[in-house]
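Student: From TrEMBL, for reference:
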ACT_SITE  B:CYS87  active site, nucleophile
ACT_SITE  B:HIS196  active site
ACT_SITE  B:GLU198  active site
Amino acid sequence: MSLDTVKHSAETPDSAQPWKELGLKEDEYARIREILGRRPTGAELAMYSVMWSEHCSYKSSKVHLKQFGDKAPQTDALLVGIGENAGVVDVGQGYAVTFKIESHNHPSYIEPYQGAATGVGGIVRDILAMGARPVAVMDPLRFGAADHPDTKRVLPGVVAGVGGYGNCLGLPNIGGEVVFDPCYQGNPLVNALCVGVMKHEDIHLAKASGAGNKVILYGARTGGDGIGGVSVLASETFDSTGPSRRPAVQVGDPFQEKLLIECTLEIFREQLVAGIQDLGGAGLSCATSELASAGSGGMRVELDTVPLRDATLSPEEILMSESQERMCAIVEPDKVERFLEICEKWDVIATVIGEVTEGTRLEIYWHGEQIVDVPPRSVAHEGPTYHRPYARPDWQDALQADDAGKLARPVTGEELREQVLALVGSPNQASKAWVTDQYDRFVQGNTVLAQPEDSGVVRIDADTDLGVAIATDGNGRYTKLDPYAGAQLALAEAYRNVAATGAKPLAVSDCLNFGSPEDPAVMWQFAEATRGLADGCLALGTPVTGGNVSLYNQTGDAAIHPTPVVAVLGVIDDVNRRTPMAFAEQGQLILLLGETREEFGGSAWSQVVHDHLGGLPPAVDLEREKLLAEILISGSRDGMIDAAHDLSDGGLIQAVTESCLRGGHGARLVVPDGLDAFTFLFSESAGRAVVAVPRSEELRFTDMCGARGLPVTRIGVIDGDAVEVQGEFAIPLAELGAVHEATIPALLA
Amino acid sequence: MTARIGVVTFPGTLDDRDTQRAISIAGAEAVPLWHRDNDLKQVDAVVLPGGFSYGDYLRAGAISRFSPVMGTVIEQAHAGMPVLGICNGFQVLCEAHLLPGAMLRNTGLHFVCRDQKLRVETADTAWTSDYVPGQEISIPLKNIDGRYTADERTLDELEAEGRVAFRYSDVNPNGSLRDIAGITNAAGNVVGLMPHPEHAVEPLVGTGRTDGLAFFTSVIKKLVNA
């Protein structure tokens, strides 16, 4: 069949085109025709269809995401904000840190290993493209019920993929989450975060400027993997002998990515690029249109120069391919030779595929014939915007009225003991060492704290001991009960976790995992959660720097719990002052910071003991969170606290159990006046943490709390080899440890 | 004098920078070596660090063994230069026949990352003289192909000649025969092990222990006193 050139498209305006099969709406197709003043060529149609997809254009979400900019707090820390590959934050001493969290949910359900692996690969390239050396990754993961047979297929594959890819890149995996809930059956959430470090002057942006500059594609050859919807086009427009129906999930090669990282960093060191962009979703379509759109001129690309893994690929397929481990750089002509030399040194294939032009169009040629001639902004930045209808679902009131406070509570010490063991051994609260021991947390030699600590801490300068801390958190149960509050609770928990390790929280990245935007109830959850997060970030002074939206996480009519996962980045001037979670010193005092109320809605206890989800999540008080963070940071800096652990799902007993097991010492606890043992142990009130304080520091520390108005209660002492609640029960550490550690291996063995 | 210790970077090497830092902390000068160069830049000793050189394609270490730098390393190792292979570096040394045996996939089939207890079996090597035989140390282990294997005769020879340098104590994490974590050649200048001493040289990072530092101080003493 003949090539569908620009000329041919103008001559055949009535040719039928598979816009519907490519996921475009009728009005969207009409708009493309209007923009071009003719029907699009096959290649143009393919480009628009992927770039205007929900995934690339954020067409359902962007009216809500706008709030992150509109309500952004005043801060000097933000060097690059939303819109680039990743946001960049000033952490002092001339260093800048870039971080971002993304989803790879759908591919990971279909092909768990490759889906998860390429999720890591994609986010790492985003960070690299900003000019930074990637220094750590994290993976918040969510699966269906722990004992569901499919979880046994998906989870080990995802974990092996995260490890298989990340371990080969030499990036320590320093944290994340593993959560089970039946709502994620069929829709596992595989989110991946990467953080990178650079000097301020090394920041690179994705834009193509300077007519005559060369466009260089480097990295892996382009293959037919990850084409997705475009295979429809291929099968309809071209011969059936062509490579149609390619797998929609990309296949990763971490070795190639490792070479790409080192090669790119060397290229940055010699200042050889004027603009750079990684190739991820929508492949070359995205990279060329975004680079040209953000730059000052146009771009001309000779598509037949792209190195291929499969010589039979059509131009449409080359434009759409999501083959991994590729980057696109804009390079001044006199630097091209050196650029290619460095690529040769690292055995990385590099090809000049085009150049920046004086014009304003993105033009793509195939063996001399023009197949694309578009205004790049119309592809990359001027996609459709939807104001999707949203409405509070009619079941929300009944859900909130189903108060967890009315659930039967344990009364005797024996009942409390049983429920504590049930809690710490439940899949969500159990040790995740089976997962995290498959990840390298030591490589690069800068890991100061890694999971299961409250946040991962890495040193970024070995001379000054400057470091960064990152935590990710999300609670779909809370968010289902109240999306506004749930998003803020996720933010507050990540913020608190960063502060618990002694770091000052600076900025946020978010991964918003929701069901179908075509369901007004889901859209309401999304609207409420984004509003909550934007308000929360404003209150805490931590701007959203970027992130990702994943919609359509649902099977039939059943959507996942709305699950905003929030990553908070903090800075710690001296990593020697970091606060670990372990209760390591016998005799130290255990203090509870914050107030404990009867709050059980969405709690781990209500799930484990009653399989219940109803009522309201814990109350949010962001001013209190700020105060708590200040106290935790001061306590760390001034050497007053030796351990700290945030209180969140599972409440106080979960936190104390984890700190005791980590430190190898027991604790004797006393129920404070005014609280019953059950509320003391299981409530999930926000804005709380436990700290271990040497006796010599108690007065100084409690005076500081008193002066600043933070409630502090002495609740016990680190002692012995059991966790004992006076007058109620005692559980030997060995028993707690056995229960805590046995669950996950038993489920997955 | 300051000892100069080379650290080889193959494509896919991961722990080269960490190893360089460990060498500096121990008091020597770390010299980066590139896999395509057969010039060792007058170093006094060489470390082959961990990673997935050449993507572990074909077999871990199988391709790296043929890189230009290894030609010189093999030659110098036979002449007595101290050579340490860590993890992937150990695999390369086995492929290069500087050490006997080979590594298979871990018995659990998973990548294993843990703080691993080892028993030092001999201090009679260039890289272990600062340890005491029988000493228990704890350093990070992280690999998927770490199960040491060799035929019975080779294993018996290694035992008889005191060439088992380290054994896993507490837990055998990967099914290595006779709990072997590391071995040495007959001359004691070439040592390979699966765990990572370079990740245990600073109290602040990693496991918080410095049990791995003696690898580097051992060889520095030998070189400086030579």
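The backbone N, Cα and C atoms fix where each Cβ goes, glycine too.
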Student: Using a 10 Å radius around its CB, how many other CB atoms surround the residue listed as 'active site, nucleophile'?
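Tutor: Around the Cβ of the residue listed as 'active site, nucleophile', 29 other Cβ atoms lie within 10 Å.
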Student: B:HIS196 (active site) to the residue listed as 'active site, nucleophile': how many Å between their Cα atoms?
Tutor: 7
Student: Taking only the Cα atoms, work out how far B:GLU198 (active site) lies from B:CYS87 (active site, nucleophile), in Å, as a whole number.
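Tutor: That comes out at 11 Å between the alpha carbons.
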Student: Around B:HIS196 (active site), how many other C-beta atoms are within 10 angstroms of its C-beta?
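Tutor: The answer is 28 other Cβ atoms.
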Student: Quick check: in three-state DSSP terms, what is B:GLU198 (active site)?
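Tutor: Looking at the DSSP assignment, B:GLU198 (active site) belongs to a helix.
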Student: What is the number of other Cβ atoms found within 10 Å of the Cβ of B:GLU198 (active site)?
Tutor: 32
